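**Q** Quick one: the structure is below, and I'll ask about it shortly.
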Amino acid sequence: MLLMLSQWLQGLSPEFGFLRVFQYLTMRAVMAALTALVIGLLAGPRLIRMLTSLKIGQPVRGYGMETHLAKSGTPTMGGALILLSIAVSTLLWFDLSNRFVWIVLLVTLGFGTIGWVDDWRKVVNKDPEGMRSGEKYFWQSVIGLLAALYLVFCISENSNAQVFELFVTWVQSGFALDLPPKAGLLVPFFKEVSYPLGVLGFVIMTYLVIVGASNAVNLTDGLDGLAIMPVIMVGSALGIFAYVTGNAGYAKYLLFPHIPGSGELLVYCAAMAGAGLAFLWFNAHPAQVFMGDVGALALGASLGTIAVIVRQEIVLAIMGGIFVVEALSVMLQVTWFKFTKKRYGQGRRLLKMAPLHHHFEKSGWKETQVVIRFWIITMLLCLLGLSTLKLR
């Protein structure tokens, strides 16, 4: 918005020439981060007071960690603060004509809405389970598939008109269409190794990445500050990848696919980092507010969508290794329990408790130890992911 305003003012008078600074992507990214940070810090106390007055407190499962019972009643749905900060800051500083940022915003707010309904049911109905898994998965699938269907053609073409033409061509060809190499699965650490996916393969993979990342972040969000800092780190790293793929010169030099317009996602990633830091101010142990599903589902989906756009799905799995392991720990725990119950008549557990962070708590780690150690691991994984920029 401010970019368009600055361009309009420059056209009116040469005296506004100093506003050309807003044309620089890096400048707008810095301003987006600062804007989101300030909005979050200023709005945070008011939101916490409002949630407290409305008695929107987090119910704690009776079969959960005993040490977490004291957290019962802590205001939840604080993820709304993150989404507000991201949305306002991004709308102020990004190029409004950029379709990639719009699709990420829509996916983020869509998954945020699902999370809001889930949190609201937990609070109003006093039901720790909230929205039933089937219903939640259905709406996640609807948004994920719509985003995937748009992105498969959006990444292949440079304008919405061309996207529509490619879609029509795909339908007329009997749903058989070869996509350009940049729409393939990019393998890190190798020079220009890209496996063709086809339209169906791209849609399925994108759907799995978006929905999977959303649920993985949600499962990780179980301790004070545990999820938000890895989200900040991974999001910031993806912003660097977005800057590279959006710049023809850097993309060619580093042997990355050039995705025109993807660089503008740096503004969104910066806003996410600023909003995340503001939220961490209030979410640090002992937390004054919890993110809730409204934040966790939305942030995870946004990371997945950005990774798809910049063609770094595998790198996302590397940098977000904590999210992956947390999700796998739950799936393995549930699968093993059901298998052993069916075979031996009594369910057995692989871990003391799932997700993995609760296993370490049961093993004697303090909550802050688990959180900070997971942060350190994520930082190292992000550095490994960023090394793929050059190690090819």
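Heads up, the Cβ atoms here are built off N, Cα and C, so glycines get one too.
Quick paste of what Swiss-Prot says about this protein:
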TRANSMEM  24-44  transmembrane segment
TRANSMEM  76-96  transmembrane segment
TRANSMEM  100-120  transmembrane segment
TRANSMEM  137-157  transmembrane segment
TRANSMEM  170-190  transmembrane segment
TRANSMEM  193-213  transmembrane segment
TRANSMEM  225-245  transmembrane segment
TRANSMEM  262-282  transmembrane segment
TRANSMEM  289-309  transmembrane segment
TRANSMEM  314-334  transmembrane segment
TRANSMEM  369-389  transmembrane segment
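Mind mapping these onto the model and telling me what they sit next to?
**A** Proximity of distant same-chain residues to the transmembrane segment (76-96), defined by a Cβ-Cβ separation under 8 Å and at least 6 residues beyond the stretch ends, is recorded for 1-4, 28-29, 31-33, 35-37, 39-40, 43-44, 47-48, 51, 56-58, 105, 108-109, 112, 115-116, 119-120, 122-123, 228, 264, 267-268, 271-272, 274-276, 278-279, 282-283, 289-296, 298-299.
Counting residues 6+ beyond its ends, the transmembrane segment (193-213) has Cβ neighbours under 8 Å at 107, 137, 140-141, 143-145, 147-149, 151-152, 170, 175, 177-179, 181-187, 257, 300-301, 303-305, 307-308, 313, 316, 320, 323, 327 in the same chain.
Under 8 Å from some Cβ of the transmembrane segment (225-245) lie the Cβ atoms of residues 25-26, 29, 82, 217, 251, 254, 256-259, 262-266, 268-270, 272-273, 276-277, 279-280, 283-285, 287, 291, 296, 299-300, 302-303, 306-307, 309-312, 315-316, 319-320, 322-323, 357, 370-371, 374-375, 378-379, 382, 385-386, 389, all in the same chain and six or more residues away from its ends.
Outside the transmembrane segment (369-389), and at least 6 residues removed from its termini, the chain residues within Cβ reach (under 8 Å) are 188-189, 223-226, 229-230, 233-234, 236-237, 240-241, 244, 254, 256, 285, 312, 315-316, 318-322, 357, 360-361.
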**Q** So are the transmembrane segment (262-282) and the transmembrane segment (314-334) touching or not, going by 3+ C-beta pairs under 8 A with a sequence gap of 6 or more?
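**A** They are not in contact.
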**Q** Using Cβ atoms and a strict cutoff of less than 8 Å, what residues sit near the transmembrane segment (24-44) while being 6 or more residues removed from its termini?
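**A** 2-3, 81-82, 84-86, 88-90, 92-94, 239, 243, 246, 263-264, 266-275, 277-279, 281-282, 289.
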**Q** Which stretch from 137-157, 170-190, 289-309 shares the most C-beta pairs under 8 Å with the transmembrane segment (100-120)?
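**A** Most contacts with the transmembrane segment (100-120): 289-309.
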